[in-house]
């Protein structure tokens, strides 16, 4: 009887694992192929060879780009090199990427930048906040941008018990920001179990020097986050659930869900068109190719544009799609007055004229 019980439990366990693996293939669009959509005027950006995971563009047209992310389970073409922040001036006729110098006193050797967000103070000082993973931990680094010197001055490292497994960040005030947690566990094998079991344990957290709290939860894997032009709504991507959560922001920084926009694709970082308020999303058309990297059959890239976000039927269009022959693993798309930058988790970056 005991042996029969063991065999029964073993069989049930195998059946559960099999069902979860089949579901994982469906959630990652493992069988999906890319139908190409490419603007006429695009070229790769020289100097960005090891990722351009997130991009934030100032109203002046200066674009900050995080590069060199080392992320568990993802490939890295420069595993022994520290991450960097690059700058591009999109007002130039032929903009180029320039690595920014970082002030002494900051541990540049372990710099592992992920999501980024800028904040312009009342005196027009520009601050750059960076999700950092030194030694695979999570911190938020606050820098002051020195435009004339093209450099970053490190001001502060922010840590908190709720700021674990961070992915992206959107800053709305002096040291006031929302950030996303993309995995509940920090152990790699437990993360794999979390992915396979599709546990919805991740969240959006609000941080200020006086209060830190979870303000939205129940995400499978909370990822990109941004704010509407009028600062009334927060948009948060759930990459594993293939959707965007539209959340209303309250005076006490709490968030309430307004609706969920289903995209049918693994959506990564989100940005807003400063002219129209449209959301631009860097997406992964086939997540399995991202998780199991094969240079002979690389992960593709796709960029979606979501118009009329708050309406009953937002318009969703594909603005760029490539099978990986040009761009692998797109993570972000950001626009500035008819110019489009597309970044990737670990690959190159693309500059397009729309």
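Just so you know, glycine gets a Cβ as well, placed from its N, Cα and C.
Pulled from TrEMBL, these are the features on record:
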ACT_SITE  114  active site, proton acceptor
BINDING   53, 116, 167, 168, 223, 268, 269  Ca(2+) 1 binding site
CARBOHYD  269  N-linked glycosylation site
CARBOHYD  323  N-linked glycosylation site
SIGNAL    1-15  signal peptide
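Other residues of the same chain near the Ca(2+) 1 site, with their Cβ within 8 Å of the Cβ centroid of 53, 116, 167, 168, 223, 268, 269, are 54, 114, 115, 131, 180, 224, 225, 331, 332. Listed in sequence order, the residues of the same chain lying 6 or more apart from residue 116 (Ca(2+) 1 binding site) and placing their CB within less than 8 Å of its CB are 54, 55, 56, 64, 66, 85, 128, 129, 130, 131, 169.
Residue environment of residue 323 (N-linked glycosylation site) contains 20 other Cβ atoms, counted within 10 Å of its Cβ in all protein chains. The CA atom of residue 269 (Ca(2+) 1 binding site) is located 11 Å away from the CA atom of the residue listed as 'active site, proton acceptor'. The subset of recorded positions (53, 167, 168, 323) lying with their Cα within 10 Å of the Cα of the residue listed as 'active site, proton acceptor' consists of 53, 167, 168, given in sequence order. Around the Cβ of residue 223 (Ca(2+) 1 binding site), 28 further Cβ atoms fall within 10 Å across all displayed protein chains.
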